[in-house]
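Following: one structure in structure tokens, then a few remarks.
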Amino acid sequence: MITDVQLPEPKTPLPGATVNSDQGLLMWISSVDHKQIGIMYMIMTLFYLFVGGLLALLMRVQLMMPENTFLAPDSYNQLFTMHGTTMIFFVLTPAILGMAVYMVPLQIGANEMAFPRLNAFAFWISFFGGLLLYFSFLAGGAPDAGWFSYAPLNQTQYSASPGIDYYCIGLLLSGIGTVSTAANLAVTIITLRTPSMKYKYLPVFVWMVFINAFLILAAFPSLNAALAMLLIDRQLDGHFFNTDAGGSALLWQHLFWLFGHPEVYIVVLPPFGVLSEVFQVYSRKPIFGYPFVVGSGIAISLLAFGVWVHHMFATGMGNTVNSFFAVSSMLIGIPTGVKIFNWLGTMYGGSIRFTTGMLFATAFLVEFTIGGLSGISFAIVPIDWQLTDTYYVVAHLHYVFLGGSLFGLFAGFFYWFPKISGRMYSETLGKWFFWLFMIGFNMTFFMQHILGIIGMPRRVYTYPNLAGYSLLNLISSLGAFLMGGSMLIFLYLLYDAIKRGKRAGDNPWDGYTFEWLTSSPPALKNFTILPPVYSFRPVHDLNHPEIGDYQKSDEEKYGTKDTD
Amino acid sequence: MEQKTLIKLIVGSEAIFFLALLMAFVYFTYVPTLNPRVATTLDLTTTGLFTVLLLSSSFTFWRAEVSFRRGQTKSLRLWLSATVVLGVVFLIGQGIEYTGLLSKQLTVSKGTFTTSFFTLTGFHGLHVLIGIIILSIVLYLAFLGDLDDPDSALLPSVGIYWHFVDVVWAVVFVVVYVLPHFLTPRAS
């Protein structure tokens, strides 16, 4: 039975309500508990992951063979738009928020977020934003101008169906939710840390969420402003982006990418934090170069606001502008590269346990590096001119979003699954899932690098039977089905773990941070008593006092001691 | 402490939102050269008067906070009421200005100048309205006698928001109403 899973429950029903809200669905709807809200974020993410994945599979069926007529061009436009929008705004963004909302209070030794009701508000407004976006299918057509909805294609004369209006409202609502949660997380980390947890002892995941909160607060307003303007254009016949009436298409691109590029780091920084936890615990070694992991995170967040024009090299802004942004885009590869070496250094000499979480983390190192290298090639302006709007871009962005963000999130999901559910999952099923997903992923997207280089444009519903196109597209489609199939194994793994999984102990992986100190799953009140913090591995200090970090100097704790 | 940190972060985020709207306005009216109609269309004197009223509401709110810290209930209610009234008067002023423009057929869809003008000032007006609603709730609490804990973060947090709304207007006023007069070559 699924019902015997212990779940955190509020102690008292909804105050002033005449209905019983301490059980069942109403308990979830009325909950302000950070753990329940975190779980709801994850369920929402999983739901949209399947929906978005299904849209992608439909597109791959259409592209499986040349001159296919499975989908009409206008349905294809709606599908790729909804796929991109869903995956970025309703899968990756809520996934990182959900993990942060669940884990941050636990890792800093707090019992709640600073503003529990704001937390619930933010979740529900994002949730309804997603529903509104999908309602567009019933209201006369989904948005069809791509996830970045370029002007003037987003104007009523080119996209007459109400899809883009729903796109604006849906994303505005979820954007408000995201900003609220970011502010909430930042305040939580500033004010609710257990007294002895100094900033230099924050777990790396908390550091990344903290940096990320500021990134969200600074990046999302650009998007919200752009969406409000677009809505005014479409509903009140305004002229911000309407090029026929003196509006500017470039203004939309600037505002969108001023949000859009930081967004890439918004969905990848928390996975960086997750990976830092996963690597150190499964390698049984403290993270190598803690100050560098944190410092490079801060560097990435600052540089993130200086690179947006590399999405616009093809708009003819002149060599001076292009050169500046080419250099800044290459610069951002440095702190990211630093992190890769931090994780390699953490694995080096460790006694590694290749659980499913660790497999995803290790695969991340490879896939994300491929995505990073193809990203660097876009910073070279002439290459960008050649490859922009081809499948090479599609391959690149999927290597960073899937191979980067999603692999990191999966690593964290398997790492924290015993804590969240109180059950162990089957490693056999986990490994099947990992290998099938990983092989499917590379089959799908590695081919697209080549497709892009030989000139296949993206966002076109079909292609002629040119040399190489058919075979590469067929392999790509088969890989997509392999990924889809592996997701069914993932579902079965969840069902199996919740129904039959062994009870997990409080600390099954010998973890380092405070979430492993509570019961699995944590009770409504996370902690009653906490040990003092002397390093960034407080639970390790507690469980292994003979080799604990608390007796070491700072240089040794952070691995910055010169041993020559 | 928590409330104040939260409101500071939100205000910082909102500032970037207004910056985006302001950039759109500047882009459409100042680039490549100033649209000369701006200076003639908008009424500097009347809006200037209402601007002074809105900015003085920051002063009355500051007095309300001082009374609150000293526990002077009566003057707290007085200064808070004055703040609300000044906010409402500003909105009425904006309403009069909008009606005047609309009667001259200057609607949102007239051109890029009106689109960006109404969006920028309209979003500011919306923020003033939200501020008035919050202040009215605070005022209601003050009349109930519930504002008696001098350590409460309620009033200082509301204050951060209200002062922010005023500062945004000061910037908007300078960029939209004042600067065009200095940049327009005077016909002699």
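Any Cβ shown, glycine's included, is placed from N, Cα and C.
Copied over from TrEMBL, here are the features:
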type	residues	note
DOMAIN	A:22-534	domain 'Cytochrome oxidase subunit I profile'
REGION	A:545-564	region 'Disordered'
TRANSMEM	A:37-59	transmembrane segment
TRANSMEM	A:79-106	transmembrane segment
TRANSMEM	A:118-139	transmembrane segment
TRANSMEM	A:164-192	transmembrane segment
TRANSMEM	A:204-232	transmembrane segment
TRANSMEM	A:252-275	transmembrane segment
TRANSMEM	A:287-309	transmembrane segment
TRANSMEM	A:321-345	transmembrane segment
TRANSMEM	A:357-381	transmembrane segment
TRANSMEM	A:393-417	transmembrane segment
TRANSMEM	A:429-451	transmembrane segment
TRANSMEM	A:471-495	transmembrane segment
Other parts of the chain folded back onto the transmembrane segment (A:204-232), taken as Cβ under 8 Å at six or more residues beyond its ends:
96, 100, 103-104, 107-108, 149, 151, 154, 164-165, 168-169, 171-172, 175-176, 178-179, 182-183, 185-186, 189, 238, 240-241, 252, 255-256, 258-260, 262-263, 265-266, 269-270, 272-274, 276-277, 287, 290, 293-294, 297-298, 301, 304-305, 513, 536
Non-local residues, at least 6 beyond the ends, that sit with Cβ under 8 Å of the transmembrane segment (A:37-59):
7, 28, 31, 71, 76, 79-80, 82-83, 86-87, 90-91, 94-95, 97-99, 101-103, 119-120, 123, 126-127, 130, 134, 413, 420, 480-481, 483-484, 487
Could you give me the DSSP helix, strand and coil counts for the region 'Disordered' (A:545-564)?
10 helix, 0 strand, 10 coil
Any chance you could find the range in A:252-275, A:321-345, A:429-451, A:471-495 with the most Cβ pairs under 8 Å to the transmembrane segment (A:287-309)?
A:321-345
In terms of Cβ proximity under 8 Å, which residues at least six beyond the ends of the transmembrane segment (A:357-381) contact it?
271, 275, 278-279, 282, 310, 313, 322-323, 326, 329-330, 333, 336-337, 340, 343-344, 347, 387-388, 392-393, 395-400, 402-404, 407-408, 410-415, 430-431, 434, 438, 441-442, 449
